[in-house]
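What follows is a single structure, written as structure tokens, with notes after it.
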Amino acid sequence: MKRLWDISPPVSAASPVFPGDTPYQQHWKWSLTPDCPVNVSEIRLSPHIGAHADAPLHYSNGAPAIGAVPLEPFLGPCRVIHALDCGPLILPEHLRHAADGLPPRVLVRTAEHAALDWWTDDFSAYAPHTIEWLAERGVVLIGLDTPSIDPASSKTLDSHHVILRRDMRVLENLLLDDVAEGDYELIALPLALAQADASPVRAILRELG
């Protein structure tokens with residue numbers, strides 16, 4: 001059997017969210033008792049918690065919701081590239097060492113350890129021209145191990161708007177701590193949420209061959 005890597009962080013009340021966004025909340029609607037045959041919970045959360053896929057609707061009014069986005073970009077050959085300690089922005093120079101023959105999907109690991117249970121504004125994001133550089137090489141999906149492809153302080157979301165213009169897809173908040181550089185098969189399908197601006201994904205990598 002081919003090896004799998006689970007690159008989705010656990011989702012719980014401790015999961016970090018952007019300040020002001022909705023944290024994970026869960027309570028039990030029904031509990032298993034002699035009079036009730038099941039446990040059923042109610043969950044409230046931001047669709048941007050944990051590993052998730054942004055929809056174009058997230059950064060453009062009237063653009064498609066995540067349930068209307070084609071699934072093909074979220075499934076297929078992928079390359080993981082390490083850009084550890086790249087600083088605030090991922091630049092082409094951080095990726096060139098692994099850029100020969102890029103597959104259509106690129107995930108970048110920027111940190112030794114992902115922030116699983118604390119929020120920090122000090123995370124790495126994509127420089128907009130890096131996304132252009134990847135798009136010119138046939139990349140249709142990018143991802144990373146931080147909360148956003150734009151800096152936390154950005155009010156213009158320049159990298160998101162490159163994604164929009166290039167009709168690319170994005171995965172954020174991935175857990176790449178234990179993944180070596182190299183090529184894999186990515187499987188990270190969003191839910192068919194008809195009106196949502198994003199969706200949680202259970203992102204995994206599978207060895208090729």
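Heads up, the Cβ atoms here are built off N, Cα and C, so glycines get one too.
According to Swiss-Prot:
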- Phe18: substrate binding site (BINDING)
- His48, His52, Asp54, Glu172: Zn(2+) 1 binding site (BINDING)
- Asp54, His160, Glu172: Zn(2+) 2 binding site (BINDING)
- His58: active site, proton donor/acceptor (ACT_SITE)
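Of the chain residues outside the Zn(2+) 1 site list His48, His52, Asp54, Glu172, Pro47, Ala53, His58, Pro147, Ser148, Val170, Leu171, Asn173, Ala198 have their Cβ within 8 Å of the site's Cβ mean position. When the alpha carbons of His160 (Zn(2+) 2 binding site) and His58 (active site, proton donor/acceptor) are compared, the span between them is 9 angstrom. When each of the binding-site residues His48, His52 is scored by how many other Cβ atoms sit within 10 Å of its Cβ, His48 comes out lowest. Cβ proximity to the Zn(2+) 2 site centre (mean Cβ of Asp54, His160, Glu172, cutoff 8 Å) flags the following additional same-chain residues: His48, Ala53, His58, Tyr59, Ser148, Ile149, Asp150, Ile163, Val170, Ala198. In the three-state DSSP classification, Phe18 (substrate binding site) falls within coil.
Between the C-alpha atoms of the residue listed as 'active site, proton donor/acceptor' and His48 (Zn(2+) 1 binding site), the distance comes to 10 Å.
Taken residue by residue with DSSP, His48 (Zn(2+) 1 binding site) is part of neither helix nor strand, so it is coil. Cβ environment of Glu172 (Zn(2+) 1 binding site): His48, Ala51, His52, Asp54, Gly143, Leu144, Thr146, Pro147, Ser148, Ile149 lie under 8 Å away, each six or more residues apart in the same chain.
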